[in-house]
Structure formats: structure tokens, C-alpha cells
Amino acid sequence: MAEFDVEVVFTVALKAVKDAGEIIKEAFYKKKAVLTKSCAVDLVTETDQAVEKMLIGRIKENFPNHMFIGEESVAAGEKCDLTDEPTWIVDPVDGTMNFVHSFPHSCISLAVLYHKDIHIGIIYNPILDQMFTAKLGQGAFLNDKPIRASEETELGKSLVIAEFGTNRDLQKMESVLKNITALMNKVHGLRAMGSAALNMASVASGGADCYFEYGIHVWDIAAGTLIVREAGGVCIDTEGGPLDLMSRRMICASSEKLALQIIPLLTQLKLERD
Ligand code: IPD
Ligand code: CA
Ligand code: CA
Ligand code: CA
């Protein structure tokens with residue numbers, strides 16, 4: 001079993017994320033060469049790949065025994081297995097569609113797990129210079145200041161974030177719209193901002209009260225899960241019950257009471273993939 005000192009790992013992770021932020025900032029307002037993956041709206045750019053490559057390099061250099069799960073590495077055929085070893089989970093650019101359009105709502109999302117527990121979560125929007133961090137049991141922070149999820153428990157007073165996802169299959173789009181229609185006249189406001197990690201950071205810092213999505217991946221939600229929980233919020237399965245990070249569905253909220261009011265309104269299939 002590899003050594004795991006959370007403070008040492010956090011220091012390296014934070015520096016790596018800040019450096020990754022420089023790569024994103026440098027490219028942000030330039031024209032990007034865009035490639036597609038599973039479909040026409042599932043995008044990847046040179047920046048996604050460059051950030052992931054840099055982060056893998058940092059991990060290998062500092063912690064040669066640590067494991068790594070990264071969105072673009074998995075897309076290139078790497079395995080997506082979560083073991084008990086220290087494992088870095090990376091989304092190099094979360095909100096690639098926003099990044100491509102220079103819509104300033106993209107971030108780096110990085111989590112470090114050990115024995116499958118999330119010990120470190122970092123989400124960084126370099127354009128707005130917002131650095132969200134959490135260490136297990138030590139609270140959640142935005143630019144070093146403590147953050148808390150909202151106190152809201154009433155659905156009618158809640159700002160809820162949903163996402164449309166990247167699947168353009170008719171049936172999938174209909175089920176996404178059914179959820180949105182079911183919620184629309186019951187919530188205070190509905191939003192779709194295009195970054196799972198920043199959605200979770202918004203719940204953690206009290207700007208939104210709830211966010212849910214089907215079809216998300218472990219790299220979209222691992223860091224956000226720790227940050228939301230350390231800020232006093234909850235992250236659970238969309239059926240209620242404990243969250244499985246690999247299950248590709250999640251709801252997070254300022255309180256379980258609020259999440260449990262939303263869950264019965266969601267009709268998207270439990271195991272539906274994007
Ligand atoms: C996507 C974003 C988006 C969410 C998708 C994710 P990416 O991540 O987080 O908000 O709706 O499910 O795949 O591809 O931009 O890293
Ligand atoms: Ca992607
Ligand atoms: Ca993502
Ligand atoms: Ca990504």
C-alpha cells in the first residue's frame with residue numbers, strides 16, 4: 001500500500017491545479033481547435049489534453065505509486081477502476097462546451113481518494129479566480145474563506161440546478177425535459193450552467209440549493225462531493241440512499257430534507273447513461 005500524507009498530497013495538488021489554471025487562462029479567449037468524442041456536442045480541445053497530461057506528470061513525479069483516473073485518459077482507452085490505493089481523479093476542464101465558447105464557467109476538478117474515501121477536493125475556476133478546496137473533516141473553503149451550504153429546506157424557495165447533458169438521443173432528451181417540466185413550477189428558480197463541478201461548488205457555497213444529474217462521471221463529481229459535504233450539504237443517490245461515485249447519477253443539496261422533496265419528482269431512469 002502506498003504512503004498517504006494528506007497535507008503533502010494537498011500541497012502538490014493545489015500547486016498543480018493553479019498551474020493548470022494558467023494553461024486554461026492562456027487559451028480561454030483564443031479560438032480553439034475542437035474535436036468531438038461520442039457525439040457532436042461531446043467536445044475535447046488541446047487544452048483538456050494538455051492539462052490532463054501536465055497533471056499526470058506531476059503525480060508521477062511526486063507520487064509514483066499513486067493511481068490516476070482522468071477523463072481524457074479514459075477516453076483514450078485507460079481503465080476507470082477505483083481501488084483502495086491513493087487515486088487522483090481528474091477532470092482537466094469541466095465545462096468544455098463553456099470553455100470552447102469562452103463562457104467563463106469552466107474549471108479544473110481534482111479529487112484524491114484513499115481506501116475509496118475522498119480526502120481532498122479542489123475545484124478551480126481560473127477565469128473568475130475561484131478556488132474551492134476541502135480536506136476530509138476540515139471544512140470547505142472558497143479562496144481560503146470558509147463556505148457553508150444554504151439553510152434552505154423548502155422546495156418552493158430553492159434555486160435548483162439541472163443539466164441537459166450531452167446526449168441528443170430523442171428518448172434521453174425527453175426524459176431530461178420531463179424532469180425539468182416536473183420541477184419548473186415547484187422551485188423558485190431553475191438553472192443549467194454547464195459545469196457539474198461548479199454546480200456542486202455553488203451548492204457548497206450557498207449560491208444554489210440543489211443540483212442533480214444523470215449520466216455524470218466520477219471525475220465530474222468526486223471533488224464536489226467532498227466540498228459539498230464539508231460545507232454541510234448532502235450528496236446522495238438520485239433514488240435516495242448512499243452515493244456510489246461510479247454510479248453515474250447524483251443529487252446534492254443544502255439538506256437531505258430538500259433532496260428528498262426533489263427525488264420523487266425525477267422520472268429519469270435509475271440506470272440511464274448519457
Ligand atoms: C460535463 C459538464 C456538464 C455536464 C456533463 C459533463 P465536461 O463535463 O460537467 O455540465 O452536464 O454531464 O460531462 O465534458 O465539460 O468535462
Ligand atoms: Ca467531456
Ligand atoms: Ca466534466
Ligand atoms: Ca472534462
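Placement of Cβ uses the backbone N, Cα and C atoms for every residue, glycine included.
Here is what TrEMBL says about this protein:
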BINDING   E71, D91, D94  Mg(2+) 1 binding site
BINDING   D220  Mg(2+) 2 binding site
Cα of E71 (Mg(2+) 1 binding site) to Cα of the residue listed as 'Mg(2+) 2 binding site': how many Å, rounded?
-> 9
Identify which of the binding-site residues D94, D220 has its Cβ surrounded by the largest number of other Cβ atoms within 10 Å, counting every protein chain shown.
-> D94
Hey, of the binding-site residues listed (E71, D91), which one tops the CB count within 10 A?
-> D91
Taking just the CA atoms, what is the gap between D91 (Mg(2+) 1 binding site) and D220 (Mg(2+) 2 binding site) in Å?
-> 6
Inside 8 A of the center formed by the CB atoms of E71, D91, D94, which other residues of the chain have their CB, for the recorded Mg(2+) 1 site?
-> D48, G70, V90, P92, V93, T96, I108, S109, A196, A197, H217, W219, D220
How long is the line from the C-alpha of D220 (Mg(2+) 2 binding site) to the C-alpha of D94 (Mg(2+) 1 binding site), rounded to the nearest angstrom?
-> 7
In three-state DSSP terms, the structure that the residue listed as 'Mg(2+) 2 binding site' belongs to | helix
Three-state secondary structure of E71 (Mg(2+) 1 binding site) from DSSP?
-> helix
Where the criterion is a Cβ under 6 Å from an atom of ligand 4, which of the binding-site residues E71, D94, D220 meet it?
-> E71, D94
